[in-house]
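A quick write-up on the structure given underneath.
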Amino acid sequence: MINKQILLTYLYLLIYICLSSGVILYNKWVLSPKYFKFPFPITLTMIHMGFSAFVAVILVRVLKIVAPVKMTFQIYATCVIPISAFFASSLWFGNTAYLHISVAFIQMLKALMPVATFLVAVVCGTDKLRCDLFLNMLLVSVGVVVSSYGEIHFNAIGTLYQVTGIFAEALRLVLTQVLLQKKGLTLNPITSLYYIAPCSFLFLFVPWYLLEKPIMEISQIQFNFWIFFSNALCALALNFSIFLVLGRTGAVTIRVAGVLKDWILIALSTIVFPESAITSLNLIGYAIALSGVLIYNYLKVKDGASSQLPMESIPERIAKEWKLDKKSSDIYRDDVNNSEGIIGKAGSVVELAVEEEAPLLPAGSRGALSYIGRTQPSNSHAV
């Protein structure tokens, strides 16, 4: 008989997959000039950040569900501000890409995330340049190039925006590891939003004022309160679903869920947005890139958690991970998407997706960066 806790874990994984896929498709629909016709990605991201900041303040200051950490001006200036800047940049560029390229192609480009993270980590000295990892990065890059070559509606501007967003997210992950670990700062998802969302909002205000405000005409904007409210609410719910998943699962389960989510999202995007056709060359290239990502993940998890049994069924692995957990509400799991990096026993930083806009920060740490699953988990929203 299947344990109730395992069923609950699968339920959380299902909720995460549905919310992550739903938020990405929802953002595309809102931003697309063909559907809702609100082609202002910075404005949409600011709405998400403003809403998240408001909810976080209510939870921390009014309802006092969690207590704020001891944040000094020095820590805020040297850690929170630069991390928020790259977080805001990754969401800005990632959401802007929706205006130019399809959701399916964006998911394929996100296979470059481990490449970007690895390169940035090597440059910053938090990871070592190894031949086996470098060859995997070449395999991923070749796969993405093949997939791009097979893209029917290839758009260089949209591709540049997406790749820039990926590297901005990689810089955020590395900064999170380098800066916050040295300060010994521990933030949960609520306090992460409490400190980072307002700062990210301010960083987004500058490009919004210079780029979008001058071309926005209120009379021509479709502003439906319930559309924007539900969109921001879904993005916020995604942040918390990521927290629940991280509290109950480890690298193996998250990786399987991430890969499954990507394939589901690619398939759904072609149904919801029929104009985004997928070619056989797209799929071949993505399969090549994905194989490189999986090999890379395997090597990194093997390096960080060599003491764990490598061959276990997913239900057995979930059961073992659940038994090893403390309370899922107040710890970060070991080697466990963007949203948005978590560091644990294995010393790995894990990111659930650029588009998922989840500014989850590390609980402590010591090790190499690794990228789990696709994947970003958001902009999903981009939160």
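The backbone N, Cα and C atoms fix where each Cβ goes, glycine too.
Going by TrEMBL, these are the annotated features:
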- 7-26: transmembrane segment (TRANSMEM)
- 11-297: domain 'Sugar phosphate transporter' (DOMAIN)
- 38-63: transmembrane segment (TRANSMEM)
- 75-93: transmembrane segment (TRANSMEM)
- 99-121: transmembrane segment (TRANSMEM)
- 133-154: transmembrane segment (TRANSMEM)
- 160-180: transmembrane segment (TRANSMEM)
- 192-211: transmembrane segment (TRANSMEM)
- 223-245: transmembrane segment (TRANSMEM)
- 252-273: transmembrane segment (TRANSMEM)
- 279-299: transmembrane segment (TRANSMEM)
Query raised in the report: Cβ under 8 Å to the transmembrane segment (99-121), counting only same-chain residues 6 or more beyond its ends: which ones?
Result: 24-25, 28, 31-33, 39, 41, 127, 133, 137, 140-141, 143-144, 147-148, 151, 153-155, 157-159, 161-163, 166-167, 169-171, 173-174, 262, 265-266, 269-270, 273, 275-276, 278, 282, 285-286, 289-290, 292-293, 296-297, 351, 353-355, 368-371, 374-376
Query raised in the report: Which stretch from 38-63, 133-154, 160-180, 192-211, 279-299 shares the most C-beta pairs under 8 Å with the transmembrane segment (223-245)?
Result: 38-63
Query raised in the report: the transmembrane segment (133-154) vs the transmembrane segment (279-299): three or more C-beta pairs under 8 Å (separation of 6 or more)?
Result: yes
Report task. Count the CB pairs under 8 A between the transmembrane segment (38-63) and each of 160-180, 192-211, 279-299, then give me the winner. Result -> 192-211
